[in-house]
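Remarks on the structure that follows.
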Amino acid sequence: MQKIDKTLEEWRAMLDPEQYQVCRLKGTERPFTGKYNSEKRAGTYHCICCDLPLFDSNTKFDSGCGWPSFYAPIEDSAMIETRDTSHGMIRTEVTCAQCDAHLGHVFPDGPPPTGLRYCINSVCLDFKPRDGA
């Protein structure tokens, strides 16, 4: 995987303001407002910044948290996990391994088979439906 390295100014020029705030400045969209929170079609979720495939719809589940939730990425190598102690909490941040976009966080309270919940901001994703979906 080839790493993508752009300046913040380059990212700002290619992303809309909300995408830039969340993906590049580690913001968070408000719960239950993201366009993919209730998405049910079959397909693949890609990084909005670099188009790397991140999640398959087969691993998406309704966690009730207000953000799209998945129990596993397509490939473990697509994500980088980092300890996040911001906002007085201890969490694990997940970023895109190809472009370092902030995606969300992973928590150990998901369903089988992994027991993980990848809580991802919709604004960081680009959904590509499977043919016929």
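Each residue, glycine too, has its Cβ placed from N, Cα and C.
Residues or ranges marked as domain 'MsrB' by Swiss-Prot: 8-130. Residues annotated as Zn(2+) binding site in Swiss-Prot, with sequence analysis given as evidence: CYS47, CYS50, CYS96, CYS99. Feature annotation from Swiss-Prot assigns active site, nucleophile to CYS119; the stated evidence is sequence analysis.
The Cβ centroid of CYS47, CYS50, CYS96, CYS99 marks the Zn(2+) site; residues of that chain outside this set whose Cβ lies within 8 Å of it are ILE4, ILE48, CYS49, ASP51, LEU52, ALA97, GLN98, ASP100, ALA101, given in sequence order. For the domain 'MsrB' (8-130), the predicted model reports an average pLDDT of 95. Long-range Cβ contacts of CYS96 (Zn(2+) binding site) within its own chain (separation 6+, distance under 8 Å): CYS47, CYS49, CYS50, LEU52, LEU54, ALA78, MET79, ILE80, LEU103. For the pair CYS99 (Zn(2+) binding site) and CYS119 (active site, nucleophile), the C-alpha distance works out to 19 angstrom. Long-range Cβ contacts of the residue listed as 'active site, nucleophile' within its own chain (separation 6+, distance under 8 Å): SER63, CYS65, TRP67, PRO68, SER69, GLY104, HIS105, VAL106, PHE107.
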